[in-house]
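Each remark here refers to the structure printed beneath this line.
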Amino acid sequence: MKIALAQINPTIGDLQGNLEKILEFWERARELGADLVIFPELSLCGYPPRDLLLRSEFLQAVHRTLEKLAARIRRPAAVVGYPEENPGPGRALFNALAFIEEGRILFRYRKRLLPYYDVFDEPRYFEPGVSAGIFTWRGKRLAFTICEDLWSHEGYVPRPYPVDTLAGLTEVQAVINLAASPFHLGKGLLRRALMARNAARLRAPVIEVNQVGGHDHLLFDGQSLAVSPEGELLAQARDFEEDLVWCDLETGEGVVRPVSERRMESLLKALTLGVRDFFRRVKAQGAILGLSGGIDSSVTAVIAARALGPEKVLGVLLPSPYNSPESEEDALALARNLGLRTLKIPIGEILSTMKEALSRALGTEIQGLTEENLQARIRGNLLMALSNQFPGYLVLNTGNKSEIAVGYCTLYGDTCGALSVLGDLTKDLVYELALEINRERPLIPERVLRKPPSAELRPGQRDEDDLPPYWMVNSLVRGYVEEGLSPEELVARGFPEKVVREVLGRLRRAEFKRWQLPPTLRVSPRAFGYGWRYPIAHAFPLEAPDGS
Ligand SMILES: Nc1ncnc2c1ncn2[C@@H]1O[C@H](COP(=O)(O)OP(=O)(O)OC[C@H]2O[C@@H]([n+]3cccc(C(=O)O)c3)[C@H](O)[C@@H]2O)[C@@H](O)[C@H]1O
Ligand SMILES: Nc1ncnc2c1ncn2[C@@H]1O[C@H](COP(=O)(O)OP(=O)(O)OP(=O)(O)O)[C@@H](O)[C@H]1O
Ligand SMILES: NC(=O)CC[C@H](N)C(=O)O
């Protein structure tokens, strides 16, 4: 039995487009001589459709699309994911799959384990299925599962997990998993190891078909795979692009494509895909960003140019009296290296006018924090004005996770934009990514990599005069946000208690800014976004509530 893995990039809600894509891949699988072709979880509507699932007109349209699709499928058989409304009394929705052959749906399965941690919120929409997905077809017992069904998270749900119940059943010839498993750094290896463990435990090859593409905050890397019970890779699809591979259950033959092995290589691919898909799906024409000659805007510009083409990226120089001439030289050198169009709008006069107006009204001189933030807001304002002026052009936000964590950014200033490209990268990762970018060609000027980070909002300002050293901020943000460590556990790791308190205090106080940030591209196991839901107006203290 030859099984094709159709790793597609559906667009959420583009039912007609997704139908056509599924038929195109089905046709290609037919040409390969496949018996069965598998598509990802919720492939008909894209994942995650979020509250579209609460709309009856959406569900009806999905239903009609599934019927249209079924009528077109002959051979090979195809398995697609879709939201299924309960035909019985009471409104219940299931995250389901349909096995289609010769114009008919021969079998359906409903996802049993609905994830509700981190970025996942499936019980908000779906009821869990109750039966194991065993379907005997052409003499083979196939076990169908949907993404989380093959995962197990200690402490989240009562045992047994679906994978435990599968292990207790009589032998199957293959375990098939329709997935929408989002990317974070290291996720590919994690998934491969998990599927190999599952294959060994279930004594059958596991075939996992993942979706690919950027969907707002979430990035999907694909890397669909088939793995034997002995841990041998039978098939593997590319990372971060659509692909069609296959494996043969009898002969063990299959197509194994190479995927990125280096972390920074996959990070660059992930962010590029995230920007490209976001712009493509919202039908934007191009990107605008402020080029400061600093590391964040430089890396963002490179990613934008890779994703959209340099002719679609407008770099804007917005010098103030506090900017050094080197910053402008570096910004121009970067733009030249990338082939970007640039525009220069000095902001000194605007700043003076605003300061004067405020001083006159208040009878006091405007300086310090107010003046610093005025500059960031003037820049934000001008970038948004350009976005209005050039229809279809969106502003790219350049902030990184370390700044966003501690609130080292100006609300309605440098926090503006349609999409935050680096918002899930701590500052050290931004540097690592810059080195990766420069591996092939030195696009980012050497001086940008060497100079100390500075917002240049007052004379001689350096980030590390306002904040603890970045290496500590980065590690503390990772420990607190990504690993969920407590202040005490961070101190036990050797960080000075004073620094832990300062960074975590800033982090908690900056929640209000994060509620107003553009969506970030999620590349870590815990990003600011869907998976980070803290109150703003809370009073939980950093020290133990009983004062101990
Ligand atoms: N709990 C709460 N809920 C809702 N809103 C709240 C709030 N607390 C304060 N606010 C509001 O927020 C305001 C303060 O926030 P905001 O105006 O943003 O400014 P703020 O956080 O006071 O200052 C921004 C800091 O970031 C630095 N910065 C700015 C720009 C770029 C960079 C860089 O390196 O890239 C660094 C800048 O030098 C300064 O130190 C308050 O005046 C108040 O209006
Ligand atoms: N002189 C400038 N010209 C154009 N844009 C600027 C300028 N200064 C700041 N910006 C914009 O505001 C963002 C915030 O930058 P800022 O220089 O204050 O700190 P940063 O976080 O160190 O960023 P970067 O590393 O890009 O400089 C920049 O990434 C850039 O998009
Ligand atoms: N769609 C899902 O069920 C995804 C959950 C799964 N644990 C993952 O991250 O890959």
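Here the Cβ of each residue, glycine as well, is placed from N, Cα and C on the backbone.
The active site, proton acceptor feature in TrEMBL is assigned to Glu41 (among others). Secondary structure at Glu41 (active site, proton acceptor), as computed by DSSP, is coil.
What TrEMBL lists as active site, proton acceptor is Glu41 (among others). Contacts of Glu41 (active site, proton acceptor) defined by a Cβ separation under 8 A and a same-chain sequence distance of 6+ are given as Tyr47, Gly81, Asn95, Leu97, Lys111, Ile146, Cys147, Leu178, Ala179, Ala180, Gln211, in order along the sequence.
Taken from TrEMBL, the feature active site, for glutaminase activity covers Lys111. In the three-state DSSP assignment, the secondary structure recorded for Lys111 (active site, for glutaminase activity) is coil.
According to DSSP, Cys147 (active site, nucleophile) is assigned to a helical segment. Feature annotation from TrEMBL assigns active site, nucleophile to Cys147.
Ser181 (L-glutamine binding site) carries neither a helix nor a strand DSSP state and counts as coil. Taking the Cβ of Ser181 (L-glutamine binding site) as reference, residues of its chain lying under 8 Å away and at least six apart in sequence are, in sequence order, Cys147, Lys187, Arg191, Glu208, Asn210, Phe220. Taken from TrEMBL, the feature L-glutamine binding site covers Tyr117, Ser181, Lys187.
Marked as ATP binding site by TrEMBL: Gly290, Leu291, Ser292, Gly293, Gly294, Ile295, Asp296, Ser297, Thr398. Sequence-distant contacts of Gly294 (ATP binding site), defined as residues of its own chain at least six apart whose C-beta falls under 8 angstroms from its C-beta, comprise Ser327, Val448, Pro453, Ser454. According to DSSP, Gly294 (ATP binding site) is assigned to coil rather than to any helix or strand.
Under the heading deamido-NAD(+) binding site, TrEMBL lists Asn373, Glu403, Lys513. Around the Cβ of Lys513 (deamido-NAD(+) binding site), the number of neighbouring Cβ atoms within 10 Å comes to 21. Annotation note: Lys513 (deamido-NAD(+) binding site) sits in a helical segment as assigned by DSSP.
Per TrEMBL, domain 'CN hydrolase' is recorded for 1-251. In the predicted model, the domain 'CN hydrolase' (1-251) has a mean pLDDT of 96.
Cα-Cα distance from Glu403 (deamido-NAD(+) binding site) to Asp296 (ATP binding site): 11 Å (rounded to the nearest whole number). Taking CA atoms as the reference points, Tyr117 (L-glutamine binding site) and Lys513 (deamido-NAD(+) binding site) are 23 Å apart. With respect to ligand 3, the recorded positions Cys147, Lys187, Gly290, Lys513 contribute Cys147 as residues with a C-beta closer than 6 angstroms to one of its atoms, given in sequence order. Counting other C-beta atoms within 10 Å of each candidate's C-beta, the recorded positions Lys111, Lys187 are led by Lys111.
Farthest C-alpha pair in the deamido-NAD(+)-binding residues Asn373, Glu403, Lys513: 15 Å apart.
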